[in-house]
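Peer 1: There's a structure below that I have some questions on.
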């Protein structure tokens, strides 16, 4: 479109110069003078003291058929023989089978990858669970040992207090016997 507009502007410049030159040679232009420039047709409508008026008609691209190649249907092939058709069908079937095998292979690879990922996730989960259980068991054993040691210390102190209390009672009884 831009090229058409620029071509139009160029033609209009050429037309004004041409009109000026023609007006020098011919004082009166022919009525309904038609000028053709490539893809444009120019008709002179009016000539006045204030200027001239023109009608510019742009041809459609379909009218330019001699200059541009005509788009036609592709050249027809000669009739293919039965053997050629059979070969083409076999080749198409082979391509289809190859493509189907490739798709199945990709699906199998994807499933295998999913299986591997799932197996790895389960293995990591089992390892985590086992480590967490071992850590918990260790903490429980440690807590149990600390508790038993604390209870043993309490029992030892209680036994010592009882021994001390028994000694104090014996001493008191001996004093009472001696004094009384």
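Backbone N, Cα and C atoms are what each Cβ position is placed from, and that goes for glycine too.
As annotated by Swiss-Prot, coiled coil applies to 75-179. Annotation comment: Swiss-Prot describes 60-74 as compositional bias 'Low complexity'. Among the features that Swiss-Prot reports, domain 'SLD' is placed at 38-180, with the record citing sequence analysis. Taken from Swiss-Prot, the feature phosphoserine applies to 50, 60, 65, 68, 72, 73, 81.
Distances, neighbours, how buried they are, the whole picture for these features please.
Peer 2: The domain 'SLD' (38-180): residue composition by secondary structure is 102 helix, 15 strand, 26 coil, according to DSSP.
Cβ contacts within 10 Å of residue 60 (phosphoserine), excluding its own Cβ and spanning all protein chains shown: 7.
Cβ neighbour count for residue 81 (phosphoserine) (all protein chains, 10 Å cutoff from its Cβ): 9.
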Peer 1: Between residue 81 (phosphoserine) and residue 50 (phosphoserine), how far is it from one CA atom to the other, in Å?
Peer 2: 76
Peer 1: Roughly how many Å separate the Cα of residue 50 (phosphoserine) from that of residue 60 (phosphoserine), to the nearest whole number?
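Peer 2: That comes out at 32 Å between the alpha carbons.
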Peer 1: Ten-angstrom check, please: count other Cβ atoms within 10 Å of the Cβ of residue 50 (phosphoserine), all chains counted.
Peer 2: 7
